[in-house]
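Written below as structure tokens is the structure these notes are about.
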Ligand code: UT7
């Protein structure tokens, strides 16, 4: 088989809503404390969207504009959109077509929505990589965008989940690499459906006689449920596993990694993974302190900030890794 070309990330950008919600504000809604949240998760504040200003699609579009600008690509030259979210604007259609409209893309390019929760962005990046590697497309826009805050239980019952999640968006432009050895080296995707209900928003499920009536009668099921301890237990196993899988496939050791960008699930999970991989502080990027867990948006927001802050340079070995609801987990190894 002929060697396929590599794809690379030509541009990256992010957008977060302007409203900052500190832990102290959550103390007024649910029986929680700044001390508990910081100690158990590392989170100090997160962003919540502004109704009438932010939507999942337009936040994604704001991030995408920055990524397109960095890549020097006109929106109408995008040949495919891959949009990862668990909080779409509508039940259907997906947010990809809304983003296409928002960006003024009139070339009728395909828009694909990906539903893999915290792993959504890495899954979406992998899809883009396949299309570019095979030569089908030259320019794929990959977006992760989430609005959690409108769907959280902000009463005391919701504290186990609601303190964690935040809103935001990130995007990358994937193009064929023109530099030998540069680009996405490999991606690795996994899932284990036996744990589907461990982190879930169950309703509105379609498998009801009358799902609309059902949600009116069972409002609590509309909120996310998480078996936090079990999710944590699996996360600290799967993160190192899927990172090692990427390194092994490409003949690298953990010490070769210049920057690990993990999905920002919990600072304690990241610290455990860092220790397990034997990585120094400067090689692991964390911004959960400021944004909480933004699921499909967390990896591209972190990647965008790391690039903006000069922490990733061309030629660096960068590893993206994620784990979340499904369970799903994934990694991507990139020669930047
Ligand atoms: O994004 C991808 C997937 N998500 C994750 O990876 C998240 C994984 N899980 C976690 O990050 C952690 O399990 C949590 C941060 C969600 C919870 O931390 P934990 O250390 O596992 O706490 P816990 O659920 O065992 O709860 C400990 C105590 C309980 O009280 P009792 O039973 O010991 O009296 C909880 O009721 O903390 C209580 N608690 C809270 N207290 C204050 C739970 N949530 C809160 C809260 N504020 N927000």
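Backbone N, Cα and C atoms are what each Cβ position is placed from, and that goes for glycine too.
According to TrEMBL, the domain 'Beta-ketoacyl-[acyl-carrier-protein] synthase III N-terminal' annotation covers 112-193. Summed and averaged per residue, pLDDT over the domain 'Beta-ketoacyl-[acyl-carrier-protein] synthase III N-terminal' (112-193) gives 97.
Taken from TrEMBL, the feature active site applies to 118 (among others). Other Cβ atoms within 10 Å of the Cβ of residue 118 (active site), summed over all protein chains shown, number 32.
Taken from TrEMBL, the feature domain 'Beta-ketoacyl-[acyl-carrier-protein] synthase III C-terminal' covers 247-336.
Summarising the annotation, TrEMBL assigns active site to 263 (among others). A coil conformation is recorded for residue 263 (active site) in the three-state DSSP classification, outside any helix or strand.
Taken from TrEMBL, the feature region 'ACP-binding' covers 264-268.
TrEMBL lists 293 (among others) with the feature active site. In this view, residue 293 (active site) is surrounded by 23 other Cβ atoms within 10 Å of its Cβ, with every protein chain counted. The DSSP secondary structure for residue 293 (active site) is strand.
Cβ contacts within 10 Å of residue 263 (active site), excluding its own Cβ and spanning all protein chains shown: 32. When secondary structure is read from DSSP and collapsed to three states, residue 118 (active site) falls in the helix class. Sequence-distant neighbours of the region 'ACP-binding' (264-268) (same chain, 6+ residues past either end, Cβ-Cβ under 8 Å): 40-43, 118, 164, 232, 235, 286-289, 291-294, 298-299, 301-302, 323-324. Summarised by DSSP class, the composition of the domain 'Beta-ketoacyl-[acyl-carrier-protein] synthase III N-terminal' (112-193) is 28 helix, 29 strand, 25 coil.
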